[in-house]
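**Q** Grabbed the feature section from TrEMBL, which reads as follows:
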- A:1-25: signal peptide (SIGNAL)
- A:121-139: transmembrane segment (TRANSMEM)
- A:181-201: transmembrane segment (TRANSMEM)
- A:207-225: transmembrane segment (TRANSMEM)
- A:246-264: transmembrane segment (TRANSMEM)
- A:270-291: transmembrane segment (TRANSMEM)
- A:298-321: transmembrane segment (TRANSMEM)
Amino acid sequence: MKHISIRLFVLFLFLAAIVSPQVMAEEPHKHGEKEKFNAGEMIMHHVADGHEWHFATIGHTHISIPLPVIIYDESKGFKVFSSSHFYHSEDGTYEGYKLEHEHITALDGSHVKDFSITKNVASLILSFVLLLTIFLTVAKSYKERTGKSPKGLQSVLEPIIIFIRDEVAKSNIGEKHYRRFTPYLLTLFFFIWINNLLGLLPGGANLTGNIAVTMTLAVITFIVVNFNGKSTYWTHIFAMPGVPKWMLIILTPVEIVGLFMKPFSLMVRLFANITAGHIILLSFLSMIFIFESLAVSPAVAIFSTFINLIELLVAALQAYIFTVLTASYIGAAVEEHHH
Amino acid sequence: MELVTPQLGLIFWQLVFFGILLFLLAKLAWKPILSSLSEREHQIQSALDLAEKTRADMAKLQADNQQLLAEARAERDSILKAAKESADRIIAESKDKATVEGKRIIEDARETISNERAALVAQMKKEVVTISLEIAEKVLRKELSDKSAQEQLVADLAKEARLN
């Protein structure tokens, strides 16, 4: 266990070193004597994605890791450079591209697609490495300790894996089909959970609170559900049995809307819960600066600790809810006719 | 608005990394983990089944033993009873035989005694006759030593004989 965490830490440092040769100590952007603190701006900056990984600002010094910018310009093709070029230039432009509010545009007006390794993508890669390391280690200990009782990381994760398999997959999908979908549900659960937890770390990215990520996950679930839809499932959507024919004129559109509402609700639920958690936490911390008083800090410390604990619960809960709803949608899709 | 506008780049990377993660974990992690879990569960179940079966076997064995013991006890009792009966019978038979034999011996003894007595009486009778004859002979010899006595006797005898 100790070895793994050390290895991970080294790996993280290594990644950080690849991404940027040095941790930049940037020059302050603005030279106002005392800027007015804007809580909304600060919160949005923390919750939204960025082209550099910003950890802290001490005085007027930003401690951040610049990340690679990858853009596809329709006229010039792919371009790759460090985001530090944007942050270092006076007007936020580099080689004819401009970074404004974390949005890249071409100065010549041509269309630009942004495939940059942003803060969220970097966090995604980190979680990818973390998840692979954790579960390949666990899988290895299953191979090495065949016929023995679980130990260490294996015994921590085994009850969760069994819970997802039995209480989420088997009980929602049914004995006949659950084995096919268990790997997807396990990956989904641990991906969301680990990323929720990473997002709670100081300086962590808000990956699972990003609508692009939750949308992608919801769309994958939508595809998995509908590509496995049996005849019973489609009959219930387009020709609900036991309902007068004329009623179908109303019922079928409702069912079709429901078809898309399910992934839409998955997308919004995860996004809103995680982002809201971050916003609440940041709002509490902002109170110190809004009141400009040290006196509120004990109350803020108590409340933010409390919220943080709740967020730990929400991290697991939202991962569970996303997974269990996915399982129940799959269950409805593969259900056999039994009236 | 920026918050709820999905960026293309992140969607792309999310698809790529989640796809690869799903593939790799399914192949290299979930497959071995789930199969060893179900294998272990199977082993535990079969071990439990075996324990249950062994317990049932033990109970059955114990019941068998109990029955065997009861049977043995019953057999012992019956053997003892039979032995006692035959002993009693032998004793009774012996007693009867002894009684009969004793009676027979007594009978024999009595017979022998009566035979002996009869022989003795006969012997004594013979002795008495012999002695009486000798005495009579001696008396006669002495009585008839002179002539007159002889004549007298003859006369007497004759007289008697005439009377008859």
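Cβ atoms here come from the backbone N, Cα and C positions, even for glycine.
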**Q** Which stretch, A:121-139, A:181-201, A:207-225, A:270-291, A:298-321, tops the Cβ pairs under 8 Å count with the transmembrane segment (A:246-264)?
**A** A:207-225
**Q** Counting Cβ pairs under 8 Å that sit 6 or more residues apart, are there three or more between the transmembrane segment (A:298-321) and the transmembrane segment (A:181-201)?
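**A** Yes, the stretches contact each other.
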**Q** Do any residues of this chain, six or more beyond the ends of the transmembrane segment (A:181-201), have a C-beta under 8 angstroms from a C-beta of it, and if so which?
**A** 123-124, 126-127, 130-131, 135, 160-161, 164-165, 168-169, 173, 207-209, 213, 217, 221, 224, 270, 274, 278, 308, 311-312, 314-316, 318-320, 322-323, 326-327, 330
